[in-house]
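Structure first, then comments.
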Amino acid sequence: MGSDLLSHLSANDRALFWEYGQGAKAFVPFQCAHHAFEFHAKANPDLTAVEEFETKITYKELDRQANCLATRLRGSGVNVGSRVCLLVERSPWLVIGVLGVLKAGAAYIPFDGNVVSDSTLKHAIQDSAPTVILTLRKFQHRVADAASTEIVYLDETLCTSYNPNHCTKPRDFTSSTNSVYIIYTSGTTGTPKGVNVTHGNVTNLLCIAPGNLGMKPGIKVSQMLNISFDFAAWEILGSMVNGATLCLRGKTSKEWKAVMRNVDILFSTPSMLAPHNPADYPNLSTVVVAGEACPKATADLWGARVKFYNACGPTEVTIANTMQLHTPGDIVTIGGPTPNNSVYVLDENMRPVPIGEPGVMWGGGAGITKGYLNLPDKTAERYVPDPFADDGSMMFNTGDLGRWHSNGTLVHLGRIDNQVKIKGFRVELDGVATAMETCPGVQAATALLIDGELWGFATPASLKPEDIKEAALKVQPYYAVPTRYLTLDEFPETANGKTDKRILRQMALDAKNQEEKPANKAPAQNAAWVNLPTTVIAQAAGAQPPTIPHRSSERSLVSTVGSTVVGSQVKQVDSSASSALEKEEYIWSGYLEDEVPEKTQGRIVRNLRHQIFNLYRRLFSVVFIINMALFIWILVTKDYDAHRLGGIVVANVFIGVLMRQEMVINTLFIIFTAVPPSWPLCIRRVCARIYTIGGIHSGAGVSAFVWLVAFTAQATKEMINKGKTSVRTVAITYVILAELLGILIFAYPALRKKMHDTFENTHRYLGWTALALVWIQFMFLTIDYLPEGQTLGQTLVKSPHFWLVIIFTISIIWPWFRLRKVDCRPEVLSNHAVRLWFDYGVTPDAGTFVRLSDAPLKEWHGFASISIPGRTGYSVVVSRAGDWTSKHINDPPTKMWVKGVPTYGVLKLVPMFRRMVLVATGSGIGPCAPAILRRQIPMRVLWTAPNVRETFGDNLCNSILEACPDAVIYDTRKHGKPDMVKLVLRLVKEFDAEAVAIISNQPLTEKVVYGCMSRGIPAFGAIWDS
């Protein structure tokens, strides 16, 4: 039958019809979206699945929460074929909700409770008849009329059990033909229609190239779009089915940009992307746009720096059924059909048009959805059997006009309903916009027919409309060139990020009304234009405001402009938001415009000094170079044997172990931080870096391995040549060498970060085994070289190496002599943090940390101790940052194992300085709290975190504010992620601080320390070497 429909085409066009119109055949590895997610949750359980600034959820935790939610939904009657209305907002709850619904076998219907109109939400609930409405408590008022439907509050169903059997997945009967989600179209031309999309539709795009866009474990993906927009499913489900990390954007432009600077793959509409410069986002590797026509200027600008995909497809063909990797300078097309899909360009009689001729684009293949919910007539009108496939499958009338380009890609020519009649001629408005975009400097353009006149809209506002008109006349006939123009800073956008043509139309009418006043009349035959700034867009939008529900204000703590001496009367800071608080001027107001001090040295010198050869690496180098000098000297003089080389190995192991021994660390910290504030700053800033002694540990460890390799070679040589070294000594040596090699491999920084648990286990278990083997090897070697006339005991007593082995053995074992199981009192601060209180006769000094465990032979975790002046005991703050912490937040312990003694860390240095800025992000306030509470020196505290009081509780927040009333507490949820370097530099200047100390994650710590040190300001932060 398909061949009969092609009989009117030439032989060449018939061949190209099949070549161009059929996507590649590809195997789809997963039939259901949640099956693909579960595969990655099992393969990479500890990888971050969802990231919302400082809040992170691993695949294992997300899978557990989704399983619990699915079980809860099954209990409410949700099963295969059910539908669940998901009324949430952009947050981790969104992703938990999506996966929980899918695991229960149902389809989700997504709406953003902050955006969706009352009429759309009401219609969708009545039309879809969901079994359950899954929402957040804050949106309770939005579903008050849905009394007959069970409402489950997602934020109140968090699973608090750590019992894995409690969170098992319910039986799964889902197949590829079952619905995955239902998207309600915008309804700009009538009542919103629910499009029924299946699992097979979705996995066909998201689980294979090019639709997977290179998403994989370790790749960060943006979530920028309105969750009701089917394009957002590409972000959300795309990242989950490919094992990537989904990064949720906030509400402010700063938060948007912060996420854009943090991800690898960005999804956007062209309108959303237009204001941004790709040079500001060097991290981005892939950008995909869809939803509206992409201006060539945007495609060329971004395509020069990233893999830039222009995609197209209505909701009915599942997100996008065509994609094109754009090459700057080429024509902007929407590409060809994605794998297992097809595209046909047909005339009004549903016959293929000749290649290159315009026609209506129809889609076929695996992406064609089930149809419209409860609208059989509308479905039958737009979905028809595919005569070209002749296999019973359906094809869909997209309503888009297009033509095949000679390179086999599709040129999008706009909508059928976007054609207008001007002076008797049929004009395609998207073609008019494309002609306007040929004018140099035009970033985006669109055209509308308003009251019989053709209007052109372009950005930016600085454009000269006469230039736009001149460029358009070179491409379009006179009747298809706008006679009136509006140039704007940027186009207004709909909730889905598309250009809001309703507002543009109103702006044009307002401008026309102004023109028609007597004083402003212009000759009708001339082109007229108005330049409008961005602020006018908001005014125009306000003329007919969309229905948007009230957004509750978020709580935050702020510090107002002004200075208060530490220790003065405490400011009363209310824990709830107030109107007065909203009007206060923030201490950081305008900080981004501050002029920062110049860096003190040339780029190469300062990078060498502060990044490549920081003090930690310099200490490492000193130890290693000394060893290598000795190594070369011994090789040159040939004054060595296995016994002497073994002694050097022991000496290095001795140094390495002692640099990790708690009592040694504390002694060194006490000595170096005893330098009084009256001493010159140049001395204090060096002594304060005592926390970098880990460089000595690492240098000695690597040197010991090098010497052990030399010892092994020499011992093997002596054994072969019938020398003193015995076979048993050499055999033990090779075992030790293999174990130390394993320890060194997993201690490599990049591998240590990626496989931290493995690093800990190899360091612990191989270290213990190696210690026992070292003793055996040492005894064997001593016997091999036993002098005549001496007993083994006499030789050992006289051997300095024997005493070194004894000392480092005691050093390793000593903390275990102080192992005990103690009581603790949990104080649950939130679902993100718990505070554990201990009182077993130990009151740590400020700046120390303790080691805690619930399985002492398996793992230990270090936490900063918070001691309250005048009280015995201490507390620690445990915040959600992995499985171990999550377990103890969900099920707080009453007993814990402790060992060793509290050990000093970086903040022991605080008393060395006269005035200091102390910086903490999130739970980093824990290590900072003791220094703050003791009020040892005047200090300015900067604490950035989302929802501070809700996360860390009033007690901790109030105690910080009492000790430091001028503390700057920056709510990242409300204000977005700050430029920490600029903000810290402002506080240093205002407070006249001598130094800065920061407790944060590794990237931010290194960034702030470098930002200060390179400008001559002493700055200190933790070293991640263990």
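Yeah, the Cβs are placed from backbone N, Cα and C, and that goes for glycine too.
What Swiss-Prot annotates here:
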type    : residues                                                       : note
REGION  : 37-422                                                         : region 'Adenylation (A) domain'
BINDING : VAL332, THR333, HIS412, LEU413, GLY414, ARG415                 : AMP binding site
REGION  : 556-638                                                        : region 'Thiolation and peptide carrier (T) domain'
REGION  : 682-901                                                        : region 'Reductase (R) domain'
BINDING : ARG685, VAL686, CYS687, ALA688, THR769, ALA770, LEU771, TYR840 : NADP(+) binding site
Same-chain residues at least 6 apart in sequence with Cβ under 8 Å of the Cβ of ALA688 (NADP(+) binding site), in sequence order, are PHE672, THR673, LEU909, MET912, PHE913, ALA995, PRO1018, PHE1020
Span of the recorded NADP(+) site, as the biggest CA-CA distance among ARG685, VAL686, CYS687, ALA688, THR769, ALA770, LEU771, TYR840 in Å, is 40
Binding-site residues ARG685, THR769, ALA770, LEU771, TYR840 vs THR333 (AMP binding site), shortest C-alpha separation belongs to ARG685
In the region 'Reductase (R) domain' (682-901), averaged pLDDT is 87
Nearest to THR769 (NADP(+) binding site) by C-alpha distance, among the binding-site residues VAL332, LEU413, GLY414, is VAL332
Expressed in Å to no decimal places, the gap between the Cα atoms of ARG415 (AMP binding site) and ARG685 (NADP(+) binding site) is 67
Sequence-ordered list of residues in the chain of VAL332 (AMP binding site) that lie 6 or more positions away and have a Cβ within less than 8 Å of its Cβ, or none, is CYS294, PRO295, LYS296, ALA299, ASN310, GLN324, HIS326
Binding-site residues HIS412, LEU413, GLY414 vs VAL686 (NADP(+) binding site), shortest C-alpha separation belongs to HIS412
Neighbour count check, CB within 10 A, over binding-site residues THR333, THR769; minimum at THR769
The sparsest Cβ environment within 10 Å, among the binding-site residues HIS412, ARG415, ARG685, is found at ARG415
Candidates HIS412, LEU413, GLY414 (binding-site residues); nearest Cα to LEU771 (NADP(+) binding site) turns out to be HIS412
For GLY414 (AMP binding site), the same-chain residues 6+ apart in sequence with C-beta under 8 angstroms from its C-beta are ALA293, ASP400, LEU401, GLU428, LEU429, ASP430, GLY431
Integer Å value for the Cα distance linking CYS687 (NADP(+) binding site) with HIS412 (AMP binding site) is 67
Smallest Cα-Cα separation from HIS412 (AMP binding site) among the binding-site residues ARG685, ALA770, TYR840 is shown by ARG685
In chain order, residues whose C-beta lies under 8 angstroms from the C-beta of ALA770 (NADP(+) binding site), counting only those at least six residues away in the same chain, are ILE736, GLU739, LEU740, ILE743
Students should find that the Cα atoms of TYR840 (NADP(+) binding site) and LEU413 (AMP binding site) sit apart, in Å rounded to an integer, by 76
